[in-house]
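Enquirer: Before I ask anything, let me first share the structure, which is written out below as C-alpha cells.
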Amino acid sequence: MPSLSSFTDPRAYHILTYGTLLGSTFFQTFMAGPLAYIWLPKAQFSTLQQKIFPPFFSLQTALPLLLALTWPGEKLAGAAGVGAMRQHTGWRGLIDDSNMWTALVPIGLMFGTSLLNLVWLGPATTKVLRERKHQGMVTLLGAGNAGGFWLTPILETRDGKKYHDPAPHSEAMQRLNSSFAMLHGLSSLSNVFGLLAMLYYGVVLGEKI
C-alpha cells in the first residue's frame, strides 16, 4: 500500500500522465480508428471522427504540459532509496541543457504535433470533409399559402455522386479529394511522430524513475 507521501510525489502523477497519453494515443491510432473505419458506414465513421478528434487532440496537447510540470529529474549523486533527493525537477529542470535530447525534445514533439493537429490540421481536414460532402447549395422558389413566396434551401452535390463513388469526378471534387488526402496524411504523420516521441520518452523515463 502506498504511503501518504506518494500522493504528493510529482513522479506518481508523471507516470500516470505518461501512461494516459501513450495508452489513449495507441488505442485511438491502432484500435478505435481502424476498427471504426472497417465496420461503420462511411457517413457514420466520418461523423464519429469529427466528434472524437477535437477532445482527443485537446487531451494530447494538455498531457505533455503536465509531463513538463511533473518532470522527475535525477537522483542526487550517492542518493538511494524511494525518498532519495533529486535535482533538476519540474519544468525548470526540463529546460536544463543536460535534459535537452532526453526529455525536452521528445516532450516538445508530443506537444507540438498534438497542437498542430488541434489548431490547424484537424479543423482543416474537417472543413474539406464537409465541403466534399456538400458540394453546393441551391435555392428553390415555392408558393406560400397567402400567395407570397418562400425560399427553401436544399443541399445537394453538384456532381450528383458521392466522393467515394467510382470515377470520373468533377475537377472540384478531385481537388477536394486531393486536399483531403494531403491534410489527412499530414495529420496522420504528425500523430506518428508524436507517438514515436512517446515511445522514446518511455525508455528515458524507465531510466529516470
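Heads up, the Cβ atoms here are built off N, Cα and C, so glycines get one too.
As annotated by TrEMBL, transmembrane segment applies to 12-40, 52-71, 100-122, 180-203. Per TrEMBL, domain 'TMEM205-like' is recorded for 16-134.
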Enquirer: Averaged over the domain 'TMEM205-like' (16-134), what pLDDT does the prediction give?
Expert: 88
Enquirer: Who are the long-range neighbours of the transmembrane segment (180-203) in its own chain, taking Cβ under 8 Å and residues 6 or more past its ends?
Expert: 18, 21-22, 25-26, 29, 60, 103, 105-107, 109-110, 113-114, 116-117, 121-122, 124-125, 128-129, 132
